[in-house]
Amino acid sequence: MVDSSGSWRDAYKGMSSDNVKGLVLALSSSLFIGASFIVKKKGLKKAGASGLRAGSGGYSYLLEPLWWIGMITMIVGEIANFAAYAFAPAILVTPLGALSIIISASLAHIILQEKLHTFGILGCALCIVGSVTIVLHAPQEQDIDSVLEVWNLATEPAFLFYAAAVVGAAIVLIVQFIPLYGQSHVMVYIGVCSLIGSLSVMSVKALGIALKLTFSGTNQLGYPQTWVFTVIVLMCVITQMNYLNKALDTFNTAVVSPIYYVMFTSLTILASVIMFKDWDRQNGTQIFTELCGFITILSGTFLLHTTTDMVDSESKGNLSSEDNHLLLRIPKHSEDSNGFAQDGIILSLRRQESAKSPRPARQTKQLEEDLEAVPLRRQESSLRS
């Protein structure tokens, strides 16, 4: 009985100074990254109006200053996140990304007019509660004196198997699924980002530890392992940014952010448990509490995702079954083009008129002809520009 009481006291002895530093950096990171989603989205939409969209394989957003402002904001957030991993375990740092979901969803509601349902606010509250739960029960950061120790952890059979499985799954998604389902299924782009992201976090943590040791007086830059981790970080980050841009340009921000968070966090925690053996330093109570906190965050992100569908259902519920059928034929990105926006207004007005009185067959045919003419109008507009 005494041993049990002693282990309980040891489990809740408080956060270490390194964990506190990691917490502050992670919170700052969430603020910058959450805002960057909105700025980048506006830049992508502006670039897509005058060139080939990122979701269609275009790179015109690279010439858009607003997109670069968003990218710089994200880089600042990622630097803070990078530093956080050097001080605290991934189980503590990664789930705090839920705060970036709250920020991006709120700003999307205010700036991008992407409606946030009332239950979405409840989802944000659940994310906060889950984050606090994980923070209070996160494991202490283990003491590592050399990058060679991290390399030994990364080359153990269990993590090598995980890394091979992740790379293989990402290649399959890129080669087989993105050409077929990239424009219609958000999970495809997000899957690539999350899989590769879990490896990038492990490499970022290894590189962060190497730099922290170097700045403290123990030079790690002479080890080739440090530069191997650097190359892996660059490759993973470039891949992540490419497919995250495609996801943001193709789908609603309030949907992309929570799904990306759930998948990315789940895979990162799994990778950290395998590589750094975070749970080996904790008892069953702590592990169970962390899982409960994580499930609470998942519930919050699920609410954010579901309420977006509820908003869409409510808007479609005001239309007749015939109008809903015609609505499905409107091109996916109609809201991102000025020409399309004008056509959408005309079609919406006609739907409102039809709701007041039955629509004759001749008007229905005219509406169908207008819908078929929308892509042609966009092509003409592109040629003029």
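The backbone N, Cα and C atoms fix where each Cβ goes, glycine too.
The transmembrane segment feature in TrEMBL is assigned to 20-39 (among others).
Remote same-chain partners of the transmembrane segment (59-80), defined as residues 6 or more beyond its termini with a Cβ less than 8 Å from a stretch Cβ, comprise 25-26, 28-33, 35-44, 46-48, 50-53, 100, 237, 245, 249. Here TrEMBL flags 59-80 (among others) as transmembrane segment.
According to TrEMBL, the feature transmembrane segment maps to 86-112 (among others).
Residues or ranges marked as transmembrane segment by TrEMBL: 119-139 (among others).
Same-chain residues lying 6 or more positions outside the transmembrane segment (159-181) and placing a CB less than 8 Å from one of its CB atoms are 153, 188-189, 191-192, 195-196, 198-199, 202, 239, 267, 270-271, 274-275. As annotated by TrEMBL, transmembrane segment applies to 159-181 (among others).
The transmembrane segment annotation in TrEMBL covers 188-211 (among others). Counting residues 6+ beyond its ends, the transmembrane segment (188-211) has Cβ neighbours under 8 Å at 81-83, 85-86, 90, 94, 144, 147, 150-151, 154, 159, 163, 166-167, 169-170, 173-174, 177-178, 181-182, 220-221, 223, 225-226, 229-230, 232-233, 236-237, 239-240, 243-244, 246-247, 250-251, 256, 259-260, 263-264, 266-268, 270-272, 275-276 in the same chain.
Taken from TrEMBL, the feature transmembrane segment applies to 223-243 (among others).
Taken from TrEMBL, the feature transmembrane segment applies to 255-275 (among others). Only residues 6 or more beyond the boundaries of the transmembrane segment (255-275), in the same chain, are considered here, and those with a CB under 8 A from a CB of the stretch are 34, 37, 89-91, 94-95, 97-98, 100-101, 104-105, 123, 153-154, 156, 158-159, 162, 166, 186-187, 190-191, 193-195, 197-199, 201-202, 205, 244, 247-248, 294, 297-298, 301-302, 304-305, 308.
According to TrEMBL, the region 'Disordered' annotation covers 351-385.
The feature compositional bias 'Basic and acidic residues' is assigned by TrEMBL to 375-385.
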Same-chain residue ranges lying at least 6 outside the transmembrane segment (20-39) that approach it to Cβ under 8 Å:
66-67, 69-71, 73-74, 76-78, 80-81, 83-89, 92-93, 96-104, 107-108, 111-112, 135, 141, 248, 253, 256-257
